[in-house]
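Feature annotations, courtesy of TrEMBL:
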{"type": "BINDING", "residues": "HIS66, HIS68, HIS123", "note": "Fe cation binding site"}
Amino acid sequence: QAFATNEVDIDYVRTIMTNYKGDTKEWQQYVKFQPHRYTRNLVDGGNGKFNLMILCWAESQGSSIHNHSNSHCFMKCLQGTLIETKFAWPNGENEAEEAMHEIGRSELKDGKVAYINDSIGLHRVENPSHTDTGVTLHLYVPPYDHCNVYDERTGRANETHVTFYSRGGQLTKEE
């Protein structure tokens, strides 16, 4: 019902994510860690309307600062503690490079749900722990296969293709 139309009811989807209790037995088969980078593990492709994923964050791993290619991003912490740092869009009107401007930071743990889209800004997600892993449930509406990553010191953007480490619990070949 949440995806019967192309319109996204942000409050409704956030409520669904918040109400999901996250029984470990339901999502453990999708948990796949990689020692050198966080992993994106596809749970459900949503018939092209959304991507539901489990992201796994080993100790001290984090994402680059990135956008969401006009997608809505809902994120729920299932295990561990993560830090989400939001950034303003870089000022592309002048040619001088400028450091990215942080506009917010929040701690995600204990089932907390976060939301971002490109009108809010950019973000980075990190596992600050040197001893514990983190697992998050992400819902992207609509799905996307590329985004921009940003250099925090200069604001420069580079387009990157996003891949899945696993699909349906099975490891993929590097895409």
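One-based numbering along the chain as shown.
Any Cβ shown, glycine's included, is placed from N, Cα and C.
Just so you know, TrEMBL annotations never went through curation; they're auto-generated.
Sequence-distant neighbours of HIS66 (Fe cation binding site) (same chain, six or more apart, CB under 8 Å from its CB) are LEU122, HIS123, ARG124, CYS147, ASN148, VAL149, TYR150, THR160, listed in sequence order. Neighbour density for HIS68 (Fe cation binding site): within 10 A of its CB lie 18 other CB atoms from the protein chains shown. A 10 Å cutoff on Cβ-Cβ distances gives HIS123 (Fe cation binding site) a total of 22 other Cβ atoms nearby, all chains included. The secondary structure of HIS123 (Fe cation binding site), as reduced to three states from DSSP, is extended strand. Under the DSSP three-state reduction, HIS66 (Fe cation binding site) is assigned to strand. Neighbours of the Fe cation site: apart from HIS66, HIS68, HIS123, residues of the same chain with C-beta atoms within 8 angstroms of the site's C-beta centroid are SER63, ILE65, ASN67, CYS73, ILE116, ASP118, LEU122, ARG124, CYS147.
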